[in-house]
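Trainee: Here you go, one structure.
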Ligand SMILES: Cc1cc2nc3c(=O)[nH]c(=O)nc-3n(C[C@H](O)[C@H](O)[C@H](O)COP(=O)(O)O)c2cc1C
């Protein structure tokens with residue numbers, strides 16, 4: 001069985017992936033948040049900064065992801081990324097945000113199978129790297145996904161990751177395991193399941209329902225509970241070890257933002273995002289998040305966070321609330 005960390009824009013950047021792999025681990029590959037391709041000939045180095053070898057520790061297998069509906073632009077970007085040493089590149093055809101979908105990118109391209117066909121005709125000629133795809137069930141319905149799969153089946157892909165929701169669902173409602181089963185059965189590539197795995201119990205029921213699937217991608221669940229990948233693999237940590245690991249993780253992420261962002265308010269805002277996930281397991285009544293949201297200075301922020309992390313029973317294995 002393989003477990004992958006899903007890309008989450010603004011969260012799973014190099015510093016986060018490095019710290020996660022070093023402190024928690026249990027993940028076979030980390031997918032990076034998407035980089036949107038641009039039409040200009042010259043690719044700015046700043047755009048690809050998150051993928052540079054100097055920012056990514058050797059132990060961390062990363063898979064860069066591109067968002068594009070232009071085969072030519074994708075080839076150029078992917079070629080440059082491949083030259084940096086990355087051997088798998090992922091194509092995002094699952095992003096559900098209207099800003100993206102209305103341009104027929106992300107999940108928006110799922111309603112236009114002819115565009116997918118001509119994109120892959122261009123991209124798949126003499127592929128030096130493994131091309132994988134991350135998709136949804138369809139933009140509007142599972143039928144769309146099935147039409148897309150007929151096309152994906154014609155190309156030499158390294159695998160297909162399916163988030164078991166449609167694009168119009170965004171992140172609401174529940175995953176549709178029946179539609180996932182139909183789409184994965186129609187896929188001749190290796191399939192990875194993605195969507196709503198939040199606990200090891202939840203993983204067990206999904207994996208028992210999908211016996212043919214060996215690869216799973218964890219997103220929000222693994223950010224809320226960084227012990228989840230190991231819990232799924234059957235390894236547990238003592239409560240004291242968990243708090244120690246959380247403290248170390250928090251310290252590294254905070255240190256990174258202190259050096260890369262200017263202004264304490266800006267840093268506090270970024271750390272709020274971090275806590276919006278972790279607090280699902282530490283904040284029973286929502287008070288912690290309320291306090292963190294009000295912080296504008298690092299002194300007040302650290303006072304609140306230390307109160308949490310100084311308490312040996314701050315971590316709860318079961319999620320305390322849904323977000
Ligand atoms: C804030 C946020 C940012 C995301 N950014 C990306 C992204 O850059 N690329 C991508 O393929 N999916 C992105 N996703 C989707 C996740 O990778 C994943 O498919 C989705 O959250 C479902 O998995 P989960 O239920 O395990 O979280 C994002 C999701 C969220 C909530």
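Any Cβ shown, glycine's included, is placed from N, Cα and C.
Keep in mind that this is a model prediction, so the values were computed, not measured.
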Trainee: Based on TrEMBL, name the residue from 65, 190, 255 that is recorded for the same FMN site as 134, 163, 219, 220.
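Mentor: For the FMN site that includes 134, 163, 219, 220, TrEMBL also lists 65.
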Trainee: May I ask for the distance between residue 219 (FMN binding site) and residue 95 (active site, proton donor), taken between their Cα atoms and rounded to an integer number of Å?
Mentor: 14
Trainee: Cα of residue 163 (FMN binding site) to Cα of residue 95 (active site, proton donor): how many Å, rounded?
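Mentor: About 10 Å separates the two Cα atoms.
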Trainee: Just to verify: the residue among 134, 163, 220 with the fewest other Cβ atoms within 10 Å, which of the binding-site residues is it?
Mentor: 220
Trainee: So what pLDDT does the domain 'DUS-like FMN-binding' (5-280) average out to?
Mentor: 97
Trainee: Restricting to the record's FMN-binding residues (65, 134, 163, 219, 220), give me the longest CA-CA distance in Å as a whole number.
Mentor: 18
